[in-house]
Each structure stands twice: as structure tokens, then as C-alpha cells.
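One structure is given below, encoded as C-alpha cells.
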Amino acid sequence: MEEALHSNSTCLRPTFFLLTGIPGLGGAQAWLLLVFGPMYLLALLGNGTLLAVVRTDTTLHQPMFLLLATLASTDLGLATSIAPGLLAVLCLGPQPVPYAACLVQMFFVHAMTAMESGVLLAMACDRAVAVGRPLHYPVLVTKVRVGYVILALVVKAVAIVVPFPLLVARFGHFRAKSIGHSYCEHMAVVELVVGNTRVNNLYGLALSLAVSGLDILGIAGSYGLIAHAVLRLPTREARAKALGTCSSHICVILAFYVPGLFSYLTHRFGRHTVPKPVHILLSNIYLLLPPALNPLIYGVRTKQIRDRLLEFLTSKKSQF
């Protein structure tokens, strides 16, 4: 390990990189296990339970819950793509990761992030139709159409993220093997490259603005239609009920985009004012907090899921 730590001279394409975690914290990194460990455990248990409930209960085989199951699957993939390596670095110190595995992790982290953003947009459109055209909802939003939407989101995420590892793989020389990060984030790897990385930088910036920006605009437009439909309802009770069907989704949107926006702004515009450990901490929180919170939000605020969970727990308790 000591040899790996000191192998930071300019080299040909390395056989492995060394993930150093959060620079500047030293031994204090281990205390972050108390933060990120429970987050990952909650993401595994919460999303796993949510998927099990939706799968076993045929009454939940509806478009809205199929989108919710897709969100839970994406959350599991997103959390698992970084958490095991992060926890290993925090617990054991700098960890080597094979070059190919680093590129694979880079792909999955960014693809799952793009997928999550797309699923949130699809869920916003679903709610817009449910509130704005309730009588036509069963005809307009079917399981088959939701399946096509999910397939399109997967294809889109793969297509736009594949260039990330390919653009890195074209370089043959690197300044160092040590990545000052807790996972193989695209720009953290690009910083080690010897050569012109202008294309990498421009593509990363364009993708961030285009994907997240378009999804946010789509979500905002959907909620504009929802607000217009709600304001036309005759009674306060009807308006409150209509908005109540969107409350869980609004909470999930805030849990995903607020940390993401803060992380993006500090990375792009606070590079020289915000310490690097803060950048990396925000990046990890952005990726692990939504998968941990989403099943709690939907489990608590969605009546059908809450009722099924209570029935399951009650039946288990009666067996004992």
C-alpha cells in the first residue's frame, strides 16, 4: 500500500487508481462511517422493502407505483455504485481500484443520476395527468406506456453517459494514480490526465446543464399545469386533496435537486473559496441522501404503501 501511495509520478495508463477519500480529514474520515453507513443501510432496507411491497401486492401494479418501483431500483443502483467503496475508504484508508473498474463505476454513477432525474420528470408528468385529466388518466397513462417511458429513460441515460468513460479511455498518460475523491467521479479522474481535456470539460458541463436543466424545466412545467388545474377546483377540500397526491413527489424532488444544485454551484463557482473536502462531502451526500430518504417519504406519505406495510408488520407480530 505504501508503494501505491507514493507512485504519483507521471505514468502511462495505470493498471489501477488509488481512491484517497476526503483529503485533509486524515483519521477523522472514520467518523463519517456513522453518517454514510446508516444512509446506505437505510437505502438498502427502505428501497428493498418498497420493491417487495409493490411486487407482492397486485393492487399496486398501477402506473404510478411502477414508476415508484423504478425510482426505488434506481436508488438501489445509485447507492450501491458508490457506498461500498466509500465505506471501505473511510474505514480502511486509501483503496486501490482497477482502471477498468474505475471507468465502470464512473459510468454507473452518472447513468444512475441521469436515470433518477428522468424518473422524477416522468412522475411529475404522471401527476400532472392525474390531477389535470383525472377522468382520462386510465386511458392516457397505462402500464404499457409507462414501460415504454422507462425503457426510453434507460436508453437515454446509457447513451448520454457512455461518452464519459470513453473520453477518459482515449488518454494514455496520467500525472498520478491517486484520485482525491471517494469514488471515480468523471472530473476527478480528468484532473489526472496529461493532455488536452477541453472536450471532457465541455461535455461534462453541457451534459449537467442540458439533462438536469431540461428535466427541471419539465418538472416545473408539469407543476404549473397541476397548479392551474388545482386552482380551478371548486372547493378547498378538493384542492387540498389534489395537492396531497403530489406532496410525496415534491418532497422527493427537493431531496434530490436541492443537494445536487448546492453541490454543483459550489463545485463550479466556489472552487477557490469552498475547501475541497466540502466539495467531496456534498457530492457524497447528494448521491446517498435521496436513496435513503425516498422510501421513507413514500412509505410515510403514500396511504396504499403505508397500509400494506402496517398489514405486513401486524401479521408478523401476530405470528410471534
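The count begins at 1 with the first shown residue.
Glycine too: its Cβ is placed from the backbone N, Cα and C atoms.
Per TrEMBL, the feature domain 'G-protein coupled receptors family 1 profile' maps to 46-298. Annotation comment: TrEMBL describes 30-53, 65-87, 107-125, 146-168, 202-231, 243-266, 278-300 as transmembrane segment.
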Top stretch among 30-53, 202-231, 243-266 for CB pairs under 8 A with the transmembrane segment (107-125)? 202-231
Between the transmembrane segment (65-87) and the stretches 30-53, 202-231, 243-266, 278-300, the largest tally of CB pairs under 8 Å belongs to 30-53
Using a Cβ cut-off under 8 Å, which residues of the same chain at least 6 positions beyond either end of the transmembrane segment (30-53) come close to it? 22, 60, 68-69, 72-73, 75-76, 79-80, 83, 86-87, 90-91, 281, 284, 288-289, 291-292, 294-296, 298-299, 305, 308-309, 312
On the 0 to 100 pLDDT scale, where does the domain 'G-protein coupled receptors family 1 profile' (46-298) sit on average? 88
